[in-house]
Structure formats: C-alpha cells, structure tokens
Amino acid sequence: MPEGPEVETVRRGLTRLVVGRKVLGTEVRWEKTISGMAPEEFDAELVGRTIEKVDRRGKYLLFRFSGGLTMVSHLRMEGAYYTVPAGTEPGKHDLVTFHLDEGIDLFYRDTRKFGRMNLVPDADALQVAGLAKIGPEPTEKDLSLAYMVSEFAKSRMHVKPFLLDQSHIAGLGNIYVDETLWQSQIHPLTAANKLSEDELARLRENIIHEITRATEHHGTTVHSFTTAFGEAGEFQNELQVYGRVGEPCLRCGHPLEKMKVAQRGTTYCPVCQVVKD
DNA sequence: GGAACTGTTATGAA
DNA sequence: GTTCATAACAGTTC
C-alpha cells in the first residue's frame with residue numbers, strides 16, 4: 001500500500017483517532033507480524049500504556065507509548081490501521097487487535113501479511129532494521145542539493161532502484177519514483193552517478209514538490225490503500241505516468257511504455273526520458 | 001487453470 | 001562493499 005505520503009496520511013488519522021487512548025488488551029492472530037515476539041509478551045508490554053504520540057520516519061510509523069516504549073510499525077505492501085467500535089468481529093485479514101479505552105478497537109489489517117511491528121525502548125527506535133540507515137526526508141529542509149550531488153556520485157546503480165533504496169532518500173516508492181523521473185525527464189536506467197547537477201536539481205525539486213502535493217491529497221489509492229478513516233486518497237487522479245501505460249505521454253503524446261527495472265514494473269516515456277551514457 | 005501482476009524490504013549470494 | 005534475485009503472502013488480472 002503505502003509510500004511516504006500514504007504513511008503520513010495514516011499517521012495524521014491515527015493522531016486524531018487513538019492518541020490519548022489507553023491499551024486494555026491486545027490480540028495477535030499472526031505472530032510473524034510482531035516480529036517473532038510471543039503474543040503474551042506483546043500484550044504484557046502494552047497493557048496499561050497510553051498512546052501519547054504517533055511519529056513517522058520514511059515509511060515507518062512510530063507509536064510512542066507512555067513509559068518510554070515505542071512500537072515501530074511498517075505497513076509494507078498492504079498493511080492498514082483503522083478503528084472500529086469495541087467488540088467488532090475481526091475479519092480474515094485483521095491480524096492484530098488493540099483494545100483501547102472509550103469503546104474503541106484499533107485493527108491492523110494486512111492481506112499479504114508482510115507488515116511488521118517491533119516493540120523497543122524509545123532510545124532504540126531509530127536503530128531498528130531499516131531505520132538505522134535511512135536517508136533524509138524529501139523536504140526542502142532535509143534534502144539538500146549538496147547531499148544529492150555527493151550521494152548520487154557514489155553509486156553506479158540505475159537511478160530507479162537507487163531511489164527505491166530508502167538509505168538514500170526516505171519515503172519514495174514505486175509510484176512516486178516513476179512520477180518524479182518522468183517529470184525530471186530522466187530515464188529509469190540512467191546510472192545514478194551519470195546525472196548532472198542540473199538534473200539532480202530538477203529531480204530534487206520534483207521529488208519535494210510531488211511528495212508535498214501527494215500528502216496534501218491524502219495519498220494515492222490504486223489497490224487497497226485507505227486512510228485510518230477508511231477513505232481512499234485522492235492523488236491517483238493526479239498521476240501522470242503510473243498506471244497509464246499505452247496512454248499518451250502528457251508532454252509529447254507518445255504512448256507510455258512499461259518495462260521491468262529491478263523486478264519492479266516501471267512506466268516511462270521512451271521519447272522524453274532518454275538514457276545518458 | 002495458471003502465470004504474471006501488485007504503494008516493500010530483509011536476506012543471502014555473486 | 002555493492003548490487004541483485006529471491007522470499008515472505010494473498011488477491012486480482014490477463
């Protein structure tokens with residue numbers, strides 16, 4: 001489901017729906033979701049704690065509980081949180097239930113079961129696998145052009161998998177990488193270290209702008225993403241290449257094409273986006 | 001029926 | 001060290 005803007009949308013929803021609520025009990029119906037911790041231990045750790053805040057870093061959610069405990073949660077492809085009235089029967093794909101006070105149950109649903117949760121002391125939260133080496137947030141403040149120039153120069157990887165690698169820039173996924181490469185007129189197979197400073201400046205501006213706009217539109221819903229309020233995002237209506245294979249390029253009119261790059265479907269314009277050597 | 005697809009990333013091998 | 005394919009899983013599409 002989610003890239004940075006979708007996870008941020010979930011974070012904002014959770015902030016309104018569950019911050020201030022106390023955990024009365026939990027039920028885990030798929031143990032791998034809690035990273036191998038025994039469900040009894042998971043429950044014992046959380047019962048009695050209050051959700052004080054929900055933070056985000058890249059595509060990770062950080063639930064801050066009272067008493068210095070953080071739950072690091074990654075939704076992977078299809079994870080989703082939503083609240084229901086206490087006592088609601090969980091469905092087949094509702095893997096974890098958090099029984100909260102004031103008659104609220106928080107459900108974690110994950111059809112493909114890829115998502116993971118980790119309970120750690122606050123101080124260790126940013127050391128959890130994946131977060132330890134995560135790159136800067138794609139914002140004007142955190143993602144400088146100087147960083148882009150030095151970071152891209154270090155790698156000969158194709159720019160598409162380079163951007164999907166969260167250690168370079170946090171929060172980009174398949175949709176926003178295809179969108180911003182098209183906007184920047186960069187071919188997905190261009191080597192990262194072959195991009196000029198002008199191209200990197202363009203790419204940087206497009207990434208920051210796109211992520212900002214997508215967040216304002218509550219994210220992109222193409223398969224299953226919903227906000228914590230159970231609503232679809234609206235940014236799918238703004239996409240310029242993703243899901244438009246065969247349709248005309250909005251810049252030159254040539255039909256968009258699709259290929260595999262690093263095992264991921266990649267939509268691009270063969271005329272506007274050319275490989276540099 | 002079944003092969004190939006899908007907003008992701010940890011892992012192990014080359 | 002870097003880069004790459006595969007696996008984890010279920011549902012939908014062709």
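Cβ atoms are placed via backbone N, Cα and C, with glycine included.
No curator has checked TrEMBL annotations; they are predicted automatically.
What TrEMBL says about this one:
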ACT_SITE  A:PRO2  active site, schiff-base intermediate with DNA
ACT_SITE  A:GLU3  active site, proton donor
ACT_SITE  A:LYS59  active site, proton donor
ACT_SITE  A:ARG264  active site, proton donor
BINDING   A:HIS93, A:ARG112  DNA binding site
DOMAIN    A:2-115  domain 'Formamidopyrimidine-DNA glycosylase catalytic'
DOMAIN    A:240-274  domain 'FPG-type'
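Sequence-distant contacts of A:ARG112 (DNA binding site), defined as residues of its own chain at least six apart whose C-beta falls under 8 angstroms from its C-beta, comprise A:ARG76, A:MET77, A:GLU78. Each residue in the domain 'FPG-type' (A:240-274) has a pLDDT score, and their mean in this model is 95. A:LYS59 (active site, proton donor) has A:GLU3 nearby among the recorded positions A:GLU3, A:HIS93, A:ARG264, counting only those with a Cα within 10 angstroms of its own Cα.
Nearest Cα neighbour of A:HIS93 (DNA binding site) among the listed active-site residues (A:PRO2, A:GLU3, A:ARG264): A:PRO2.
Residue density at A:LYS59 (active site, proton donor): 24 other Cβ atoms are found within 10 A of its Cβ, drawing on all protein chains shown.
Sequence-distant neighbours of A:GLU3 (active site, proton donor) (same chain, six or more apart, CB under 8 Å from its CB) are A:LYS59, A:GLY171, A:LEU172, A:GLY173, A:ASN174, A:ILE175, A:TYR176, A:ALA214, A:GLY219, A:THR220, listed in sequence order. Reduced to three states, the DSSP call for A:ARG264 (active site, proton donor) is strand. Reduced to three states, the DSSP call for A:ARG112 (DNA binding site) is coil.
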